[in-house]
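I have placed the structure first, in the form of structure tokens, so that the comments after it can refer back to it.
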């Protein structure tokens, strides 16, 4: 019997198996488990907390009638002859209440002693967190809840309208104080705050959900400003999964990172889709190796099947790179027996073809002309000069012999120039060819039909689309922009794949809505890093190396000062905004270890986890590398940067135009807006005029150019949720974009605000940021424009490999990004790998950090293993 199943746009035919219906496996929502009480009276108190019992109603009526009685007496007193004295007494009473009472949203005022206590509260709570076991503390808490006369649930059930009355405010806080005294009397040393581990707090609030944890008022106000004390009583931050105390922040496994579990049928279809996509590239790699073996057979004057290839000694923890082009070597390569110089197969072909590039070293250096020049004034006498040697060095000859053999590289290129390079292997003999044959055999049993179209963006669905460009006659001016809830559906994954295969960016809205809500305040993250970690790491966290966006240089700054500037802003002496940014902080190789909860929270927020999950994404080729093999650093990486909504034109908080070798997804986790004063705005306007005059003078002196007036025609709109402005270019427009940048390179500034005079690669140099004016000129001269859109808080932006992009921060932003490798973009990854190897030596983008060829072969191997296991389970 023959059946068909469709997934990922692929139709599977199989023999002897019944038709399989592809159903999305939705994890059932677990109901919160009610806290079990260890005392005999726990059921009574739970009933009293959960329902509106007659006793509570009578209690509340009695309190309201008492409040009405007080109001009546107060009104009668106003009619007495001693009216002035009564008013004076009332003022004193109100003043006393204001010092003692607390409201949830508008008037949270603490008594003087509490203020002193809050001032004494250290920025970083004590790292000596006490472990509180359920077995000991829960019994005491349960006993206290049963025997205590204070109605905790009645406190949490009152509305703001009830608490607006002064009498009820006072009574409420007296009850809270009485509750705290009772807690301390019954629990003793265990009556401590879960957040700061201190027991001398005046107000402690117990969670009625877990009946275990307590939080003090200063910690609630400082670390959980979005929660009221009623919220804490109902469900504490720990039970909500948002506790940011040091102990919890260093705990892993508390957050479920996977949103949707795949059943075995879905896994089978995804793996088959991956094998289909990878096989053509595996064949190319095998073909290149077969050609090299045939060449070696000619050198040895033997048959290809008789060529003996010795194994190169290489461990799994070692990366092997070509000494000439810095490309990763996967299997076959040539090596010098004398000096161990190693050459990849691509370089071997280029030597035999006679088109090998010398790849000279990059000599780019920018001249420092002083801080006055950076701010638009005259340059200071230069103490340094630009060391660019424009004289062309003679080309070094490196040719192959007539039989195809290649000698070691000349000494000028790092070799010895003496011995003939020998053919070496890293993998077992015929391992790759056997893998290719195995994949072909597997796919031969199944037929493939053209995929169906799942795109519904052509219909009137404004919620799924976002306008990002105004290209004439183009059908891709709108970007696919689903909600995070929609992406959990199987049909939306197919919808995503259709846009993704075209090289289009994707924006997913509200990615943080499905997370626990952990705080991404930079101060919370910094506190977690400074406590409960190795002392050496903790000491290194006191200072950070940030990038000054104006001079484009690293500056060392105190970590606390940096984060204060994140929320309050920083300026130079002339009131020009100082824009600083931290890249990859903390380092991504330590991010998961130092901030495990934040790492789990980020992964749980990732949409389309079949692609983006860095741990177990079934269509993420980077996850297929076997254990023990050295893996590339793909993140997650954190980016913390200042920002302002107005485009300054010089020193903006930006990520300059660049192109990533792999796919990436970037989520805006936190923003903070810094308001500029009128004095600062006036100073900025004056300084912009100085910058303009400086530009006009320099351009006139160099090329007779004149700076044009900026006329903005951008379609983006900013609002309170806006965070970052993105410009992403189409792959097809890259040649025209590069031509424009080479033509106008002198108009751009980079390090020390010096003009860009030398271009090695207009995109990979990362020296350019296109302002509004440059984007207008680009469209006028070359007819191309990027997708331009604003990333809002909680939005995830998917960037395909090979799409040049730039970002400008409209506010202080905390973004987290992770790289991944999708089957649809393997061809682009390989193209970029070859493009990077053509860059000069010591160019920052030259190294093959991705090792995409290695990923391809191991992805096919791992997918075949998993498919075989699934087939055995089905049989």
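Note: Cβ is positioned from N, Cα and C throughout, glycine not excepted.
Look at Swiss-Prot and you will find 31-103 tagged as region 'Disordered'. What Swiss-Prot lists as motif 'Nuclear localization signal' is 62-69. Sequence annotations record features per position, and here Swiss-Prot assigns compositional bias 'Basic and acidic residues' to 79-93. Sequence annotations record features per position, and here Swiss-Prot assigns zinc finger to 193-240, 317-347. The Zn(2+) 1 binding site feature in Swiss-Prot is assigned to 193, 196, 216, 219. If you look up Swiss-Prot, you'll see 322, 325, 339, 347 marked as Zn(2+) 3 binding site, on the strength of sequence analysis. The domain 'JmjC' annotation in Swiss-Prot covers 614-837, and the record cites sequence analysis as its basis. Residues or ranges marked as Fe cation binding site by Swiss-Prot on the basis of sequence analysis: 658, 660, 805.
In terms of C-alpha distance, the listed binding-site residues 193, 196, 325, 339, 347 place 325 closest to residue 660 (Fe cation binding site). Nearest by CA distance to residue 322 (Zn(2+) 3 binding site), out of the binding-site residues 196, 658, 805, is 658. The local packing around residue 347 (Zn(2+) 3 binding site), expressed as other Cβ atoms within 10 Å of its Cβ over all shown chains, amounts to 23. The DSSP secondary structure for residue 193 (Zn(2+) 1 binding site) is coil. Secondary structure at residue 347 (Zn(2+) 3 binding site), as computed by DSSP, is helix. Cα to Cα, residue 216 (Zn(2+) 1 binding site) and residue 325 (Zn(2+) 3 binding site) are separated by 60 Å. Counting other Cβ atoms within 10 Å of each Cβ, the lowest count among the binding-site residues 196, 216, 219, 322, 339 belongs to 339. Take the CB of residue 660 (Fe cation binding site) and look out to 10 A: across all protein chains shown you find 19 other CB atoms. For the recorded site, residue 219 (Zn(2+) 1 binding site), the DSSP three-state label reads helix. Distance between Cα atoms for residue 325 (Zn(2+) 3 binding site) and residue 805 (Fe cation binding site): 26 Å, as a whole number. Long-range Cβ contacts of residue 658 (Fe cation binding site) within its own chain (separation 6+, distance under 8 Å): 763, 764, 766, 804, 805, 806. Its Cβ placed at the centre, residue 325 (Zn(2+) 3 binding site) has 23 other Cβ atoms within 10 Å. Taken residue by residue with DSSP, residue 339 (Zn(2+) 3 binding site) is part of neither helix nor strand, so it is coil. Nearest by CA distance to residue 339 (Zn(2+) 3 binding site), out of the binding-site residues 193, 196, 219, is 196. Around residue 193 (Zn(2+) 1 binding site), taking its Cβ as the centre, 23 other Cβ atoms fall within 10 Å, counting all chains.
The two recorded residues, residue 347 (Zn(2+) 3 binding site) and residue 196 (Zn(2+) 1 binding site), have Cα atoms 61 Å apart.
DSSP assigns residue 805 (Fe cation binding site) to a strand. Within 8 Å of the centroid defined by the CB atoms of 658, 660, 805, the record's Fe cation site, lie the Cβ atoms of 655, 657, 659, 664, 799, 803, 804, 806, excluding the listed residues themselves.
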